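Engineer: Have a look at this one.
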Amino acid sequence: MSIVYTLPPAIVAVVSSISIILQTIKNRKKYIEISSDEVSDDIVDDARFSTVKRDVTKLGITILQTGLYIFLFFWKFRHENKLNFDTISPGILAICWFYALTVSIIALSLKSRRWRWILNSYLTAFFFITSLCSFWQLTTGIMLRLSDSYHIGEIIEKSTVICNFIFSVVAMSIAITTPRGPPIIQNGRTVCAMQYCSIWDFISFSSVSKLIYKIYKQKTFEDDELDLLPFAFQARSLYNAFKKTRGSKLLYRILVANKRILALQLLFTMIAATLYYVPIIFLYRFLSFIQTRPENGSLEFGFLYILGMLISYILLHFTVAQNWYWASSALNVSVRGMLNSEIYSKSLKRIDSHVANVKDESNKSDNNLDASGDDNKSEDNLDTADDDNTSVGKIANLMSIDSSRISDFSVWWTSALDSPIELIVGVYFLYQLMGVSCLLGLTVMIITLPLNHQTAKLYAKTQDKLMNARDRRVGLMNEVLQGIRMIKFFSWEKNWEEKVLKARNIELKQLRNNFIYMTIFDFLWTASPILVTIFSFFFFTKIQGNELTAAVAFTSIVIFNELRFALNILPEVFTEGLQALVSVHRIEKFLDEDETKILPENDYQFTTPISFEEVTISWNEIKENNDEFTMHNLNLEFPIGELSVICGPTGSGKTLLLMSLLGETNIISGNINSPRCLTCPIDQNINEDNWIIPNNVAYVAQQTWLQNATIRDNILFGLPYNENRYNQVVKVCALEKDLQIFEDGDMTEIGEKGITLSGGQKMRVALARAVYSRAKHIYMDDIFSAVDAHTALQLMNQCILGPIMKGRTRILVTHHIRLCLADAAYLVAVNNGKIVTSGTISNLRNSGILASILDENDNQSEIVNSVELAAENAVDTSNVSEPLISSSSNFGHNIESSSASDATLVENAVLADDDSQPMKKVSKPKILVEEEERATGMVKFKIYKSYLRANGNILYWLFVAVMFFGTRGIQIMENWWLQVWSDASNNNETIPAIVNFVQPNNLIMVNGILDDIHKPHSVDYYLTIYVLITSLSIVFGVARFAYLYYGSMRVSTKLYQKLLHQVIRAPLRFFDTTPVGRILNRFSKDFETIDSTIAVHLAWFLINGLMMLGTFAVITAITKEFLVAAIFFGIIYTIVGALYAKASRELKRMDSVSRSPLYSLFTETLIGIITIRAFGASKRFMQDMLSKIDGNNRPLFYMWVINRWLSIRFNVTGSLVSFLAGIFILWNIDRIDAGLAGLSLSFAMNFTEQIMWTVRNYTSLEMSLNAVERVCEFSEIPQEAPAIIEPRPPASWPHSGAITVQNLEVKYAPDLEPVLHHISFSIEGQEKIGLVGRTGSGKSTIALALFRFVEPSDGKILIDEIDISSIGVEDLRTRITIIPQDPILFTGTIRSNLDAFSQYEDSEMLESLRRVHLIPSEEDEEETTSFSGDNINLFKNLDTPVSEGGKNFSQGQRQLLCLARALLRSSKIILMDEATASIDFAMDEKIQKMIRTEFADCTILCIAHRLRTVIDYDRILVIDRGNVMEFDSPYNLITDSNSLFYRMCQNSGEFDLLMSLASKRGKKLIED
């Protein structure tokens, strides 16, 4: 009995025994006792799950085998009477089987499922090795045949071999198919079967077979039908593991957190690298056998070599499959989950910068984008501009692109280790075949390494620039989407489209450079291995004078192919590694950014004081030459449980004080004491008695932030629903009437950033969120600016001063000082960063300081106190609050994201006077934002058509076909010529017969050429032609990629232009119902796929498809029997391929769709991060993100597992194809020589791989085309009315600004009731009209109709006698102007925001800023309300940076900037929507005076909260329920006690003031 059959089982037994002992020592506690966490609480059918029968069967087999080998040992020892290896081998095997018997007994006796599984794994390994050894022993025994004279010893030994083989296979089959445990349920869903399946199901990936069949049978497949990820790959586990390594370099953290997976990858990589050449050894032996076989010689060794190829290939494929599983499914998902969770976690802690860190160079390059600047200059700045990571677009790219690149590289990194091992083993075998010739050839590779290195450096630099360009373009696109309403109102679509396209062109130039370097890489990678082959053959034949035999030629070619892969993959891995390294540095830079200073979390039960102690603060760290707004030497102490008021002019530092209490600013010196609760505890058992937590904080931002959820969810904000408290909060926040009107009540979805709510509604929902919270301390920033006077008074009396806020600390920033003083305990007055005064109200009153503060505000006609108002408020006030927008409307836009703040878009809604009307409907609430649609089935032909047409016309694709078919033909010629060369010395005539198989008979010319080829020639002849063929192969091989890259550039250009145009011209309804993250996903990840991936997948699909067809033709030509086998295997491949294609396609679509919620939550968090941190909700948001990461990782994980499922089946089947090809060669041995056999087998060995990669590349192509599918879907969205309609209006239109509305009826959808009921009115040119009316009256609809955001169903609107429906929306919107309540600024400078497209001079812009009092006038340089003292007036410099959304300015300053921007337009018609709500009263007075003078020759329509704003206008238009109720001068209306306007004035609390102003205006008109 040979050592080959004995030693492997002995080694496995010894190693297993040692391993079990070590594991037992390490986990002795778990071995003795059953750990409580070994068995999940969520196991299904635990009682019925049992492996006892399997364990007993294994025990019986091990007893039989042990007894069998003990018998054989004693029998041999007795009869041979000597000790040698042949005698003691049965004894060694008996000991090995006794080891298996012992392990089986222990496994059967254990109760711990974990340990039973471990022991079963060791038994499986042992049974597998014994099966393999017994099979080899059995086959070699049959091949060598029994001797002619039988004797009992030989019979017993052979019988033992057969029994050993049968028992080993049975035992292995039982052990390898024993499941680890029953199905596991987590949160009501099944966990991935790989968590509990058998070893066989794990290594063959059969655990996903049910999933594949299920997807194939179903028309649609949803995420909730997918099993959960294995526990180790769930986001929570990944995040917890990764955060343990914080403080180290990112690359080190990734390695440490994934060390187990990396170790398994390394193990399988080294095994696979060794196994790669085992089949090649058998190939060489087989070809040598055919070449040296005597005529009519035995074929037994030939069969043995072919069988060896089959077994070694199967082992190799299973090893490679495991390597790829741990690389693609495990490490890929793990790294992506870790990075995404860590990026999000960092975003919850990083400082929310309030300044634009925009370098001068980048500003200039931005301007170059606007005008016809130098694009190259912009390109040069790509690697230096935008050093900060503050833009939402850039941070979103970290998650969408950079983390994906790093995780994708984790799939390939082992090739950097695998390839050197392959090179070493391959060179060794080549040296055995060709001697020093191979070393000379490989020297060529070393010579090309510097070229590879230099190209890689240039490629990496270009890649870095490409990523920066992509960041800027995505960031710009994000700003477009965030400010789309402003863009549309100002008709800037065309200008912004050009601006984005210029940024895109810079990106495409970098992409072009990228493709150029990729083409150079293709040339080097294609040429290097071919040159190695040429030089090796040249030296081998020409210098050394050796004959190039078939065995040497084709074996060396197969080895060279392996080396070609190893040589090619190294530069590719190096390049991918450089890309990943760039992404690592980008993410690491983000993770190293400054974080908010985490104060020690206060005890929940003790109240912390709220004070400033000698504090100097600024928004950001002060740097050199940085004009940072600072507040010095602050000493304040806010009383706990009382109301404190902070007041001051616009831009004086009020919000800075509030943000400092929240820890969101830079503390230069001093100490701030403030309550801090990093994580708000959520206890489902809380009640009114323990609701308030002493050190919890809630915050109401001036610029409200709401989630894309229902109103109730926004108010609850993660807290449990307490009906009594909730109803009380809704009432005191003046939301009852809103919820009564709205069809779905508080279950109404409000869209992204509360898009469907008015400004007042958003503010009151945000206030309700703070009031409902468990916070003891509530900070409120200018909450009255977005609501009308009466609502402000109601909020003050019932909410802020009401019972629900009693005992809570309330710090309120406001301009409404008198409204708050009655019950305030503390006052802080701020001006230009200095505390003018501070102290308790009583002290300030006694000292007279309070009187002086109030005297400054007396002329501002502020709201009178609540007692005075109560006496006058005798009229029904059911119209004080703003109802929500009905989801039954199919067109729900506000003028701005929060314009028409006291209006709704359901303008015909009727308020019930009965307070008992329910707040919400019982019916199922309607969905505003629908789930993202996902295409089903195969990618539609029209998608292919769109992509192919975008590449080029029919001539382009004909040329592509020539390139690809030509390349494959030349590659076949290359191998055919080697066959001719190797057969030259034997003068074989077999090739003409093969060619005749595929050519018409009797082609004299062809036969003549072939006869000439097969005449004896010199080595130079064969070598020259071989060099010529391979050179053509290089040229064609590189040209095909370059040409496809060229087409890909055209696709990227055309599709992006089309998508951008369609999206930017989409109606507002599209943006209301589609999250920004979903749209941005198309412009970021999907276009990254279109730019960089599709062309590569298409190329490799064509390459592998043509290689497969060529291989089939060659093998069939040599062995015709292969045709039958090919048909049979083709059917198998088709079935498996169809199952795989459908499953992978659906999972890729799920991956794409599940990405959008991830990005939506991410962008939503970045916008509202201050509110989230203030509420202590970071942990809850982190949990939400982890859940969404799991939702995105699930389809990715299964997609990669299904890839492995395909590869293992294709590869094993392919091994049978190679085996049959060898059998057919032996079948036709009499007419096939070694050259033809080598040609056939060298092709057959790659046949399966070609089929598999054809299917996989086709599927990858379809999955990549999913990006085109999604882009095309958005390219077909409905469009607004045409921008330009010929004939266009005159250039001077509108010349007077007269507006005539004739019989206007408006519906938001054809099947809905009218919102405006055939209204008619006329406005003279230069008139000032105030639009007022109760909530839902129709004011905002008139404004929408004026801008043609709503088209009339009847009637028309005339401006200067031109029907606005007859002109394009661009001509209309450029001639009229809106000044919205919610100001929108774009990243850049003050200049780029005032004059985005270089239309005005600097002097005009500065004058516009003077008019809105952002900079003082020349004659009043020293007396500016907003700015005086130490802090520099930033508005004097037009190049002052503006951060994303204008965060480095206050809300009031942003409103004034938008007003200055409107002034520059000089439109004849101006619509104002409470455009000064967030500025102080003194400034408001100046602005109103400016409007009266500067806009004297303009027609003004003003939608106002403050009736005082429009009381001196020419006329007031009163709208109610879609009808014009009154249209007259303010004086006539207010003096008519029956008018609606009269009642509105009474309810406002300012009746006397309004009457006085109206009378003054009326007398002036009479005098005129």
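Cβ coordinates come from backbone N, Cα and C, glycine included.
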Engineer: If you look at how TrEMBL annotates this chain, which of 554-573, 1234-1253, 1494-1513 comes out as transmembrane segment?
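Structural biologist: Of 554-573, 1234-1253, 1494-1513, TrEMBL gives transmembrane segment for 1234-1253.
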Engineer: In TrEMBL, one of 6-25, 226-245, 406-425 is tagged transmembrane segment. Which stretch would that be?
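Structural biologist: Within the set 6-25, 226-245, 406-425, TrEMBL attaches transmembrane segment to 6-25.
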Engineer: Could you tell me which of the ranges 1161-1178, 1341-1358, 1467-1484 is annotated in TrEMBL as transmembrane segment?
Structural biologist: 1161-1178
Engineer: Average the per-residue pLDDT over the domain 'ABC transporter' (610-857) and send me the rounded value.
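Structural biologist: Within the domain 'ABC transporter' (610-857), the model's average pLDDT equals 84.
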Engineer: State the non-local partners of the transmembrane segment (1094-1116) in its own chain: residues 6+ outside its ends, Cβ under 8 Å from one of its Cβ atoms.
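Structural biologist: 947, 960, 964-965, 967-969, 971-972, 975, 998, 1040-1041, 1044-1045, 1047-1048, 1051, 1122-1123, 1126, 1221, 1239-1240, 1243-1244, 1246-1247, 1250-1251, 1253-1254, 1257-1258, 1260-1261, 1264-1265, 1267-1268.
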Engineer: Given a Cβ distance threshold of under 8 angstroms, which distant residues of the chain, six or more beyond its ends, lie next to the transmembrane segment (261-284)?
Structural biologist: 255, 305-306, 308-309, 312-313, 315-316, 319-320, 322-323, 326-327, 330-331, 334, 414, 417-418, 421-422, 425-426, 429, 433, 551, 554-555, 558-559, 562, 1241-1242, 1245
Engineer: Suppose I define contact as three or more CB-CB distances under 8 A, residues 6 or more apart in sequence; do the transmembrane segment (117-139) and the transmembrane segment (1122-1141) meet it?
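Structural biologist: Contact between the transmembrane segment (1122-1141) and the transmembrane segment (117-139): absent, because fewer than 3 Cβ pairs are under 8 Å.
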Engineer: If you count Cβ pairs under 8 Å, which stretch among 87-110, 428-449, 1122-1141, 1208-1227 touches the transmembrane segment (6-25) the most?
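Structural biologist: Going through each listed stretch, the top one turns out to be 87-110.
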Engineer: By Cβ distance under 8 Å, which residues at least 6 away from the ends of the transmembrane segment (87-110) in the same chain are close to it?
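Structural biologist: For the transmembrane segment (87-110), the sequence-distant neighbours (Cβ-Cβ under 8 Å, at least 6 residues beyond its ends) are 1-3, 5-6, 9-10, 12-13, 16-17, 20, 52, 55-56, 58-59, 62-63, 65-66, 69-70, 72-73, 76-77, 80, 116, 119-120, 122-123, 126-127, 130, 160.
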